[in-house]
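Colleague: Here's a structure for you.
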């Protein structure tokens, strides 16, 4: 009896030990696989980092690709990754080469805060192109400038009819570039040079300037200026308005008064739409005088009005000079002015002909040299 009980006790002890051993074995296996999976995942990530660095050194330009397989994920094998290519994850992600887009600039103010007002204009000091260029380092080739801190309301082409006025041009550039920059204007300067020594034709050169400037940029505003006129107040803003603009309303030449109500000479401005509405300027005014009055007639005949600045702001100084040779007064100008209504539809930008000889961009302006032909023979008197 005693032996039987002892045997049963030993049997129970053996079963208990065996169960403990099995339990210990299971716990060890669980711990082993858990640690193994973590080590394998860490090892894979380490290899991925090494492969990534290799691809940066030699694989990026050679077409080799390195892949990272996360085999520690449940129900995942290498074979399953090889079977499904869309599950392959490149170890080196492509760099984002796109730069963040800059913030849009605010519109330029209608009344720029940096304006000075009344200016002292004098022509006694010696002027050189080198000096003017040093004074205007922000003006780019061709006489172009765009405000860096705001979005201009107009893109302005400033057009100057020209022949043999190099000294006047230096003063004009010296004064106008700083004025235009303070006015926050996106602009370009175009000198339209009439080649040869035939009779000068100011209005036709202005038509040429309009045409050639549009080949250079998408301008929507055109200001036509004589090279010998300098504004005396930078509040006389060089941009376009709802109506054609006459800027030079009070020249020292005329005692700082408007010589007559229909005067439209010196410096004027029209938007592209306004310019095309009047068919541009007349081409048949050879010699001095008359074309400004014809332009004024074209404006009024097309239902527009001339706008002007305040007389205290629209003051100009003229560089004194003798009348140019081959720019004598045109004796036919009075008859032509009376016929504007009949001629403006056929004589203008629509009928413009010329020969472009050269376009050269200088640091402060663009020079456009053209041949515009000769005037028709004048009728013999009597």
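Quick reminder: no glycine exception, Cβ is built from N, Cα and C everywhere.
These numbers come from a predicted model, not from an experiment.
According to TrEMBL, the protein carries these features:
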type	residues	note
TRANSMEM	12-33	transmembrane segment
DOMAIN	108-240	domain 'Galactosyltransferase N-terminal'
DOMAIN	245-322	domain 'Galactosyltransferase C-terminal'
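Explain the structural surroundings of these features, please.
Modeller: Same-chain residues lying 6 or more positions outside the transmembrane segment (12-33) and placing a CB less than 8 Å from one of its CB atoms do not occur.
Mean pLDDT for the domain 'Galactosyltransferase N-terminal' (108-240) in this predicted model: 96.
With DSSP classes pooled into helix, strand and coil, the tally for the domain 'Galactosyltransferase C-terminal' (245-322) is 20 helix, 15 strand, 43 coil.
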Colleague: Reported in the order helix, strand, coil, what are the DSSP residue counts of the domain 'Galactosyltransferase N-terminal' (108-240)?
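Modeller: Grouping H, G, I as helix and E, B as strand yields 39 helix, 31 strand, 63 coil.
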